[in-house]
Amino acid sequence: MDFGTFLVQCLNSVQYGLLLFLVASGLTLIFGIMGVINLAHGSFYMIGAYMAFALSPLFGDQFLLMLVAGVVLAAIFGYLLEWAFFSYLYQRDHLQQVLMTYGLILVFEELRSILVGNDVHGVKVPAWLDGSFALGNVMSYPWYRLFASAACIVLAVALYWVVNRTRLGMMIRAGASNRDMVRGLGIDVKRLYRIVFAAGVALAALAGMIAAPMSSVYPNMGASVLIICFVLVVIGGIGSITGALVASLLVGFVDTFGKVFFADLSGIGIYLLMAIVLIWKPEGLMGRRP
């Protein structure tokens with residue numbers, strides 16, 4: 001492998017890992033704070049991709065405005081979904097949570113089939129991000145992928161700042177470590193849960209919107225992302241945003257370079273990584289021991 005190819009694969013690894021982080025960060029917050037195993041989280045990623053497909057003709061090249069509109073719609077949807085459905089799951093055991101959220105997956109898939117059908121769709125890259133830039137004399141890299149990486153970095157920094165430097169973040173961190181203490185301090189736990197859930201849905205949907213121009217928009221696209229994101233939560237440590245970021249980048253590199261060097265075995269790379277981490281640190285890279 002020459003240096004140009006190596007550099008392109010490194011950029012692809014970072015871009016893929018950061019995109020996974022947007023989905024996994026919401027999942028680790030929801031599971032770490034609310035204690036809900038949400039199998040429907042991958043569906044929010046799919047919903048974001050289909051929102052990009054539906055909104056892109058309306059916004060044209062105003063891609064950033066489309067992302068903002070999609071995030072607002074997804075956050076409102078998440079807030080209402082928590083109020084109408086997930087608020088009744090907190091006192092249920094994990095088996096009931098799994099069954100009920102799996103039922104949500106079926107509902108979302110059926111609604112998707114009714115509204116947009118089962119065809120594969122594409123989302124056009126905005127004109128101002130079309131094309132690529134040169135990496136040396138031979139290789140090039142798409143501007144849109146660079147934009148996706150930059151956007152995810154900005155969002156990761158913003159999320160880190162909110163979680164670690166704000167009062168809301170203090171409540172989120174307290175809720176992740178001791179939910180009973182948060183209740184005892186008089187914090188409105190229901191409102192906190194709805195804000196966290198809405199943020200998790202918005203992040204997953206945003207990841208789907210950003211990913212849509214790079215890949216096709218297709219049925220069940222959230223399933224594979226969901227499995228990988230649960231692996232990320234386990235590797236990074238439940239409730240840890242920093243752990244989710246580190247795990248996402250590790251998985252991005254393992255998956256990308258695994259497909260380059262070990263194409264036939266690339267599917268097991270991330271699970272092998274998870275096994276190694278759990279043997280070394282059963283609580284995850286940044287998780288707390290129970």
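Backbone N, Cα and C define each Cβ position, glycine as well.
What TrEMBL records for this protein:
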type	residues	note
TRANSMEM	16-37	transmembrane segment
TRANSMEM	66-86	transmembrane segment
TRANSMEM	143-163	transmembrane segment
TRANSMEM	192-212	transmembrane segment
TRANSMEM	224-253	transmembrane segment
TRANSMEM	260-280	transmembrane segment
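Taking residue pairs at least 6 apart in sequence, the transmembrane segment (260-280) and the transmembrane segment (143-163) share fewer than three C-beta contacts under 8 angstroms. The stretch with the most CB contacts under 8 Å to the transmembrane segment (16-37), chosen from 66-86, 192-212, 224-253, 260-280, is 224-253. Sequence-distant contacts of the transmembrane segment (66-86) (same chain, at least 6 residues past either end, Cβ-Cβ under 8 Å): 34, 36, 38, 44, 47-48, 51-52, 55-56, 58-59, 100, 104, 193-195, 197-202, 204-206, 209-210. Listed as Cβ neighbours of the transmembrane segment (192-212) (distance under 8 Å, sequence separation of 6 or more from its ends, same chain) are residues 19-20, 22-23, 25-27, 29-30, 33-34, 41-42, 44-53, 66-67, 70-71, 73-79, 81-83, 86-87, 90, 123, 148, 151-152, 155, 159, 168, 171-172, 175, 182, 221-222.
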